[in-house]
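Enquirer: Take this structure, written in structure tokens, and hold onto it; I'll ask about it next.
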Amino acid sequence: MSLHLYNTLHRRVEPFEPLDPACPTMYVCGPTVYNYVHIGNARGPVVFGVLAALLRRRYGALRYARNITDVDDKINTAAQEQGVPISAITERFCAAYREDMKKLGVEPPDIEPEATAHMPQIIAMIEQLIERQHAYVAMEHVLFAVNSFADYGQLSRRDPEEMLAGARVEIAPYKRDPSDFVLWKPSSDQLPGWDSPWGRGRPGWHIECSAMAAAHLGETIDIHAGGIDLQFPHHENEIAQSRCAHGSSTFARVWMHNGMLNFEGAKMSKSLGNIETVHGLVAKHPPEALRYALLSAHYRKPLDWSEALIAQSVRTLNRLYGTLRDLAAYPAHPFIPGNIEAALDDDLNTPQALAELATLANEARIQLADTTHHAAAEVTAALTRLKAELLGAGLALGLLQQTPEAWFSQGTNESDETHIQALIDARGAAKQARDFVRADAIRAQLAAEGIVLEDTPHGVRWMKQHT
């Protein structure tokens, strides 16, 4: 099966055929760096990171850009509230975002353009829009004339009144039409600004992505992706700007949108006070469990985020890493099995891929428990294959990329491990002396410290209990 992706533009799953099979292009909308990103912001980078890896395997190369919005009124407000320079806000939270993504196993994109580094391209695109009569200057603002673009609304498929309500547009005296949106606006001395033909000012949010996508990927790109909340007005406006500036019929050939996260059944929002930041979550939970949870539902569907979901993800990874630990004697190199690739080819069906991963682990455990019924060579071959496929399936999903020992001991340091081993040895000595009361007391002491013991034919194994 070839790669098929759901195209929001056409509302259907379609075969993916890149303009240049030697190197597809993909642009994903990144964060506005005014605070720590919440877990909902991480779903896109995780999911579309899986897609990026798939495209590289399939085509041999990929040009992937994910932007940073580092000029925005939210950033200005944060700097004013905290009494620090704007650069202090953007540098701090840009670094935090990259660190959070690294912990979640998100590979960096090929290009991570920042808006402030692309002012010449942004200004040039606005000039093109004015020249082509798709934009106008009014009271030191430059605005896009929505009624100049006949295809406006083709992505969101909303009628004009619905679009006007959905955009929460500002009714301003400098607008010819309420639906027109800002490309450039004036800046006071206290706000960041750049010299332009229309005076000192700063760009609107939408034009930044259009200019950066064109600068790094060209006038027409293969895939443009982001959260469903960006479909309108942000992506709708990107299409209008880009097509009108370049005089082209297509800006992005495939539009992909990931669903939103709910928290404990309610919409995740600041007003409800139920925002969970990645920064806070990785301090409390294994980052790989957060990644697993983000992949557990199909990317286009809403995902109900909860402590129960995280706990279930931890338990699943315990089983997977436990299986790999039991396969330690069987050296193997990762091999991605066909059913994993088939699941991902089916519009990134990560839940199906995770189910296939669990099946591989179950098969391995059955083989491990049933070794007496087969010839040694046959068992070794089967377990080596299953381990290779387990590792390969994990590789395709960005999972199982650490050793079982690292997974089970995370949250501990060298002195902790020395202390734990000393107690395990003491428990072993107590059992040898048939002092089972003492042995049970040591097990209980370790449990109170968050350490779970497992007695196996190969000796005692321990793991840090994660929540």
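Glycine residues also receive a Cβ, built from the backbone N, Cα and C atoms like all the rest.
Pasting the relevant annotations from Swiss-Prot:
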- C29, C209, H234, E238: Zn(2+) binding site (BINDING)
- K270: ATP binding site (BINDING)
- 31-41: motif ''HIGH' region' (MOTIF)
- 267-271: motif ''KMSKS' region' (MOTIF)
Enquirer: Cβ within 8 Å of the Zn(2+) site's Cβ centroid: which residues qualify beyond C29, C209, H234, E238?
Expert: W205, H206, E208, S210, H224, G226, L230, H235, N237
Enquirer: Specify the count of other C-beta atoms within 10 Å of the C-beta of C29 (Zn(2+) binding site).
Expert: 21
Enquirer: For H234, K270, listed as binding-site residues, tell me which one has the smallest number of other Cβ atoms within 10 Å.
Expert: K270
Enquirer: Relative to the Cβ position of C209 (Zn(2+) binding site), how many further Cβ atoms are located within 10 Å?
Expert: 26
Enquirer: Please list residues from the chain of E238 (Zn(2+) binding site) whose Cβ is under 8 angstroms from its Cβ, counting only those at least six apart in sequence.
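Expert: The list for E238 (Zn(2+) binding site) reads H206, C209, S210, A213, H224, F251, given in order along the sequence.
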Enquirer: Between 0 and 100, where does the mean pLDDT of the motif ''HIGH' region' (31-41) sit?
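Expert: The answer is 97, the mean pLDDT of the model over that range.
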Enquirer: Cα-Cα separation of the residue listed as 'ATP binding site' and H234 (Zn(2+) binding site), in Å?
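Expert: On Cα coordinates alone, these residues lie 20 Å apart.
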Enquirer: Counting by DSSP, what is the helix, strand and coil composition of the motif ''KMSKS' region' (267-271)?
Expert: 0 helix, 1 strand, 4 coil
